[in-house]
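> Can you keep this structure in mind? I'll have questions shortly.
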Amino acid sequence: MDLLKGLNERQREAVTIEGGPVLVIAGAGSGKTRVLTHRVAYLIGVKGVPPHRIFVATFTNKAADEMKERIKNLIGADIRDLWIGTFHSLCARILRQEIEKLGIYTRYFTILDRDDQKKVLKETLGDIGKEGSKLESLVEKISRYKTGLLITEDQFFLTIYKHYSKKLMEYNALDFDDLLILPLKIFNEFPEVLEYYSTKFKHILVDEYQDTNHEQYLLIKALSRIHRNVFVVGDEDQSIYSFRGADIQNILNFEKDFPDCKVIKLEQNYRSTQKILYAASTVIRNNRYRIGKNLWTLNPPGENLVIIETNDEDEEAEKVVEIIKSLKRPLGDFLILYRINAQSRALESALQKSGINYKIVGGIKFYERK
C-alpha cells in the first residue's frame with residue numbers, strides 16, 4: 001500500500017503532515033481532491049486513526065460518495081464508520097442523536113427540500129390570510145433572515161416567518177438552514193454534547209473551504225476545539241458562492257484563527273497550459289482579497305490566447321458568430337462559455353439570426369424560458 005505514489009512534493013507534504021491546523025491552498029487543477037482523499041487514507045491506513053474519529057465535510061454528496069470509494073480502494077479497509085458527507089448530512093446525523101434535548105422536535109424529524117418549504121409556506125400564508133406572495137422569494141428571504149444575512153423590521157415578513165417556524169415545529173420538520181443552526185444551538189446550550197463530539201472527532205477535514213458559510217465556520221471551530229487537527233483545502237480565487245452566504249473571510253482569516261497553522265500551497269497545475277495559467281493569473285491578481293499563489297505546469301505552452309474587446313454584449317455576440325463562420329469547421333467543434341445564464345440572450349439571438357444551430361448544455365434556451 002503506497003499511498004504516496006504519484007504525488008508531487010507539496011502533495012506528499014500535505015498528505016503526511018503530523019497534525020494541528022493545516023491550510024492547503026489548492027490552485028485550480030492542482031489535485032486537491034486527490035490530496036484530501038490520500039490524507040484520509042493515510043490517517044486510517046498508516047496512522048491507525050479509527051474511521052469513526054474522522055469527520056470529512058465535502059461540498060456535495062456525490063463528491064463524498066466518490067471520495068469514500070477511492071479511500072476504500074486505496075486502503076482496502078472497512079470505512080463504513082467514517083463520517084463523510086456534506087455539512088448538512090453530517091449535521092443531520094448529529095441531530096438524529098441529539099435534537100430531542102431541545103424539547104421541540106423528535107429524532108424522527110423530516111428534512112424539507114425547497115419544494116416542501118414552498119408547500120409549508122403556501123399553507124402558512126393561507127392560515128394567516130396572506131395568499132398571493134411569491135413563494136420562491138419568500139423561501140430565499142427566510143433563509144437569509146434565519147442565517148443572519150438579512151436584518152429587517154418588516155412586520156408582514158416577520159409575521160409570516162413566525163407562523164412558518166411554528167408550522168415546522170408542528171410537523172416535526174427542519175429546513176436546510178436548521179440542519180446547521182440547531183447543532184450550534186445544542187452545542188451552546190448543552191456543553192456536554194459539544195464535549196462529546198469535539199473529543200470524538202480527532203481529525204476534521206474540509207473540502208472547498210472557500211465556499212463555507214458562517215454556520216459551517218462555527219461548526220469547524222467548535223468540533224476542532226480539543227484536538228485542533230483541522231485540515232482545510234480550498235482556493236480563495238475560486239470562491240463563487242457568496243450569493244448563497246459563503247464567506248471568503250473564512251479562508252482568508254484561517255491563519256488568524258489558528259496562528260500556529262501550517263500553510264501548504266499546491267501550485268503545480270495538471271489541467272491547463274502555461275499560457276492559460278498566465279492569462280488567468282494576470283486577471284485574478286487584481287483581486288485585493290487573496291492569499292496568492294503562482295501556478296505552473298509541465299504541460300506544453302499551448303496555443304496563444306486571443307483577446308477581443310467589444311463595446312457591448314450584442315457586438316460581442318456578433319463577433320463570436322463571425323469567428324465561427326470564418327473558421328468553416330463543423331459546429332460540434334465549437335464551445336461558447338459564459339459566466340451567467342443571463343448572458344446567453346445576446347449570443348442566442350446572434351446565432352439564430354445567422355441560422356447557426358446550437359444546444360444549451362445544462363439549461364434551457366433563453367427564448368424557451370418562462
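Including glycine, each Cβ sits where the backbone N, Cα and C put it.
Curation does not apply to TrEMBL; its annotations are automatic.
From a predicted model like this one, the values you see are computed outputs, not experimental measurements.
According to TrEMBL, the protein carries these features:
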BINDING   Ala26, Gly27, Ala28, Gly29, Ser30, Gly31, Lys32, Thr33  ATP binding site
DOMAIN    5-273  domain 'UvrD-like helicase ATP-binding'
DOMAIN    274-370  domain 'UvrD-like helicase C-terminal'
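Can you tell me where each of these features sits in the structure?
There are 17 other CB atoms within 10 A of the CB of Thr33 (ATP binding site), with all protein chains counted.
Confidence across the domain 'UvrD-like helicase ATP-binding' (5-273), taken as the mean pLDDT and rounded to a whole number, stands at 95.
Each residue in the domain 'UvrD-like helicase C-terminal' (274-370) gets a DSSP state, and the totals come to 45 helix, 1 strand, 51 coil.
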> Within 8 Å of the Cβ centre of Ala26, Gly27, Ala28, Gly29, Ser30, Gly31, Lys32, Thr33, which other residues of the chain have their Cβ, at the recorded ATP site?
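Other same-chain residues near the ATP site: Val35, Asp235, Leu266, Asn269, Tyr270.
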